[in-house]
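Student: Not my notes, these are from TrEMBL:
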{"type": "BINDING", "residues": "CYS97, CYS100, CYS103, CYS152", "note": "[4Fe-4S] cluster 1 binding site"}
{"type": "BINDING", "residues": "CYS107, CYS142, CYS145, CYS148", "note": "[4Fe-4S] cluster 2 binding site"}
{"type": "COMPBIAS", "residues": "7-34", "note": "compositional bias 'Basic and acidic residues'"}
{"type": "DOMAIN", "residues": "87-117", "note": "domain '4Fe-4S ferredoxin-type'"}
{"type": "DOMAIN", "residues": "133-162", "note": "domain '4Fe-4S ferredoxin-type'"}
{"type": "REGION", "residues": "1-35", "note": "region 'Disordered'"}
Amino acid sequence: MTDDAKDETRSVEPARDPKDASGREVGRPVEEPYRSLIPQRTGLAGMLAPAGGFGVTISNFFRPTVTEQYPSESARTKPRYHGRHQLNRYADGLEKCIGCELCAWACPADAIYVEAAENTPDEQFSPGERYGRVYEINYLRCIFCGLCIEACPTRALTMTNEFELAGPTRAGMIWEKDDLLAPMRSGMLAAPHPMVEGTTDTEYYRGEVTGTTDDQVAWVTEHRPDDPTLPANAGPEPVQTIGATAAAQYARNAAATKQGSK
Ligand code: SF4
Ligand code: SF4
């Protein structure tokens, strides 16, 4: 068969009818009218339905109005509010941070910087081999997601309810270890000092260390006789040291509270 004959054969194929027997165009999706799956209310129930929709709004008309008097009065947060971070201590005053950097790796905003150093017999800051020598959190970057505290293997890092962290300078928004360390509680000895005799870091992690021992007090007395956290030098209140950044922030907060209460 020649090419011309083939073309002739194709041209005589019957043309397809674009519509089926019911008259619907072939290939076009069936368009069905919209039908709600929610049972429709009728009668009186249907008439009262709009009032039911406003039920929450109407019920709030009769509740007492709550107006926060912030900043003249501190605003209360929920107990689990994610505020400023805190680096915790064990009951004898040693630091919980072991400088592992897991918090920094977990941080999606790259807001944490950690540098670890080796503990030595003369400078034991935390139980185990290493401690966090440098610890910084950049609050210009932090989004308070809490992933860092989830990553911390020793519960060294937690978050407080403090939210007043605004400041006038960029440098002032970087909180360092001194700013973040938890306050000293009564009976704690400031690090560095040796671990409780005969214990390992595992006993510390398990919470089996509940305070300082006479040997630790003797060691600090020998190496830092003027240390204000020694029982012999202690006053009625535990000694608190605070970093310069945190001190400046608290001073600003106090001034703002005073101004707001005028
Ligand atoms: S709370 Fe989130 S953003 Fe802030 S330092 Fe921790 S991991 Fe980073
Ligand atoms: S705060 Fe926790 S996670 Fe971060 S370096 Fe210290 S021990 Fe590791």
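Including glycine, each Cβ sits where the backbone N, Cα and C put it.
What you are looking at is a predicted structure, and each value in this text was computed from that prediction instead of being measured.
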Student: Near ligand 1, which of the binding-site residues CYS97, CYS100, CYS145, CYS152 have CB less than 6 Å from any of its atoms?
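Tutor: Those binding-site residues that pass the cut-off, since their Cβ is under 6 Å from ligand 1, are CYS145.
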Student: Using Cβ-Cβ distances, find the residues under 8 Å from CYS145 ([4Fe-4S] cluster 2 binding site) that belong to the same chain and are at least 6 apart in sequence, listing them in sequence order.
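Tutor: Listed in sequence order: HIS82, PRO108, ALA109.
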Student: Relative to the Cβ position of CYS100 ([4Fe-4S] cluster 1 binding site), how many further Cβ atoms are located within 10 Å?
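Tutor: Total other Cβ atoms inside 10 Å, all chains included: 18.
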Student: Can you work out which residues elsewhere in the same chain, 6+ from the ends of the domain '4Fe-4S ferredoxin-type' (87-117), have a Cβ less than 8 Å from its Cβ atoms?
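Tutor: Tertiary neighbours of the domain '4Fe-4S ferredoxin-type' (87-117) are 124-139, 141-143, 145, 147-158, 177, 180-182, 184-185, 187-191, 193, 195-196, 201, 204, 209-213, 216, 229.
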Student: Under 8 Å Cβ to Cβ from CYS103 ([4Fe-4S] cluster 1 binding site), same chain, six or more residues apart: give me those in sequence order, or none if nothing qualifies.
Tutor: ILE112, VAL114, CYS148, ILE149, ALA151, CYS152, LEU157
Student: What binding-site residues in CYS107, CYS142, CYS145 place CB under 6 Å from ligand 2?
Tutor: none
Student: Expressed to the nearest Å, what is the distance separating CYS97 ([4Fe-4S] cluster 1 binding site) and CYS107 ([4Fe-4S] cluster 2 binding site) at their Cα atoms?
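Tutor: With the alpha carbons as reference points, the distance is 16 Å.
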Student: Which residues, in sequence order, are found in the same chain with Cβ within 8 Å of the centroid defined by the Cβ atoms of CYS107, CYS142, CYS145, CYS148 at the [4Fe-4S] cluster 2 site, excluding those residues themselves?
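Tutor: Filtered neighbour residues, in order: CYS103, ALA106, PRO108, ALA109, ALA111, ILE112, ILE137, ILE143, PHE144, GLY146, LEU147.
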